[in-house]
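Participant: Not my notes, these are from Swiss-Prot:
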- 1-20: signal peptide (SIGNAL)
- 45-111: domain 'Disintegrin' (DOMAIN)
- 53-76: disulfide bond (DISULFID)
- 67-73: disulfide bond (DISULFID)
- 72-97: disulfide bond (DISULFID)
- 85-104: disulfide bond (DISULFID)
């Protein structure tokens, strides 16, 4: 589950890599999107935003990093448990970081 999440994050943060190619099947394979019939190189000079928490070449967290993004992630580390990451709205309580994830807990719906 975490590896899938990291791949999703890295693909979102690093959508274009100089060595990547777009092929015609839609499958992600190593550092390219695969389409079987046609190969189209990505444009040169495509924006490559830097995220110090995520290694774009491997799509994994950099050494010492616990997270790459999220309301409970600060400088590649989980924020301490108890910090408010989403203020109360209506009948919902404040949402607080768990200290074990970079994501703010999901909203709970009460009947």
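Residue numbers in this text run from 1 along the chain shown.
Glycine is treated like the rest: Cβ placed from N, Cα and C.
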Participant: What is the separation, in Å, between the Cα atoms of residue 67 (disulfide bond) and residue 76 (disulfide bond)?
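Facilitator: That comes out at 5 Å between the alpha carbons.
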Participant: Report the same-chain neighbours of residue 72 (disulfide bond): residues 6+ apart in sequence with Cβ closer than 8 Å to its Cβ, ordered by sequence.
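Facilitator: Long-range Cβ contacts: 78, 79, 83, 85, 97, 98, 99, 101, 102, 103, 104.
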Participant: Would you mind splitting the domain 'Disintegrin' (45-111) into helix, strand and coil residue counts from DSSP?
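Facilitator: Residue counts in helix, strand and coil order: 0 helix, 15 strand, 52 coil.
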Participant: Would you pick out, from the disulfide-bonded residues 53, 73, 76, 97, 104, the residue whose Cβ has the largest number of other Cβ atoms within 10 Å?
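Facilitator: The most densely surrounded of these disulfide-bonded residues is 97.
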Participant: Among the disulfide-bonded residues 67, 85, which residue has its Cβ surrounded by the fewest other Cβ atoms within 10 Å?
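Facilitator: Minimum Cβ neighbour count within 10 Å, taken over the disulfide-bonded residues 67, 85, occurs at 85.
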Participant: Any idea what the model's mean pLDDT is for the domain 'Disintegrin' (45-111)?
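Facilitator: That stretch averages a pLDDT of 86.
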